[in-house]
Ligand SMILES: [Zn+2]
């Protein structure tokens, strides 16, 4: 296995300095790195994507180049300059809401890329999984129909936002006709019609340059101040108030009224594929995404908003928040697996304790490549072939990140402090990024070092700098 040197993204929505787990973890794994208290550290990228490529620590060769020079089951393309993993694993530290956004399917991504390769630099899709390291909050997917109905009946501002008699009323009428609102039959004509009316409401909401947004936001805030709640919990009311401060008069302030507000506790995990409207709100997570950087934004961002693409891509499903949760499956006494319905990645949470049994300290052999990050503890790893021939022995500690080739056996032989790690893997062949356009669009961004500049189409907010943190 190979120790990696990875990249940190300094987007403005990240937590500052020592408050950021991204900064602390990166500093623990990269000894020459000094944390700056005035810098937001948003994301640690662990993968081969050109916007934040990992390098081998021993020689600074990109991992993607190393994979191309060391052909394996990953490819039968011997001429490729870079071979990409199908996933990016990230650690995220979120201080303020990221933009309200959606990701396209593979087919939609390919079409968007052909029409607009600058704003959609990847042909690949970008499913996402978030595992909560701390309390982690997000908005994800449209609320169940009964909750949307209750909020429409409670908040006149939402009815107006959704087009009043013309669009909102038919939606209310259609949901009211649904039988058994607690257990909606998604094949029923009422449900399918409701999705169409919801789309009409959403498209009306997204009409450009609406002149009534400021008034509607003020109206919503006074409705909340007067005690109206509909299906909102108090925590969600606080989210709306915070958004109104962070993004004054932004249409996204209304999103918690029609999207599920999920509050994950540490160890809980959620997954959503393409076509789901979502926004991360706060907290720290391990994120697994497809090896892509395609995002279509709806609100709460100074970045490019593509209303037509956005409205066309959404699935307008009204879903229980529990549908997005991924339950763990125990692999052995030290490893739990999170396997969503997605080929691009699976996640192992590894917890080795000083008194773990030898058998449990043996990690499952994977037929595919993987990346491992240690977020806690200290110990020793032995690496062996499938024939149990010892290849190497490594002292590992918090902050260390490794690439593990397919079919290499990994076992912890010693644990001096309880270890926690995350390992992402996939059997898929990664995308081809060698022909990707890397044009510095949206370049109203200060760059510390042009050479280090990487276009990042996933900048959720105006970043303070889009350089990758340099290893001094
Ligand atoms: Zn996203």
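Cβ atoms are placed via backbone N, Cα and C, with glycine included.
All TrEMBL annotations are machine predictions without curation.
Straight from TrEMBL, the features:
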| type | residues | note |
| --- | --- | --- |
| DOMAIN | 3-144 | domain 'Phosphomannose isomerase type I catalytic' |
| BINDING | 101, 103, 128, 278 | Zn(2+) binding site |
| DOMAIN | 184-259 | domain 'Phosphomannose isomerase type I helical insertion' |
| ACT_SITE | 297 | active site |
Counts of helix, strand and coil residues, the domain 'Phosphomannose isomerase type I catalytic' (3-144), according to DSSP: 29 helix, 42 strand, 71 coil
Helix, strand and coil totals (DSSP H, G, I; E, B; other) for the domain 'Phosphomannose isomerase type I helical insertion' (184-259): 51 helix, 1 strand, 24 coil
Env. residues of Zn(2+) site, Cβ within 8 Å of mean position of 101, 103, 128, 278 Cβ: 102, 126, 272, 276, 277, 295
Distance-selected recorded positions near ligand 1 (C-beta under 6 Å), from 101, 128, 297: 101, 128
Assigned conformation of residue 297 (active site) - DSSP reduced to three states: strand
Neighbourhood of residue 103 (Zn(2+) binding site), C-beta criterion under 8 angstroms, separation at least six: 109, 125, 126, 127, 128, 274, 275, 292, 294, 295, 296
Average pLDDT across the domain 'Phosphomannose isomerase type I helical insertion' (184-259), rounded to a whole number: 95
All-chain count of other Cβ atoms within 10 Å of residue 101 (Zn(2+) binding site): 22
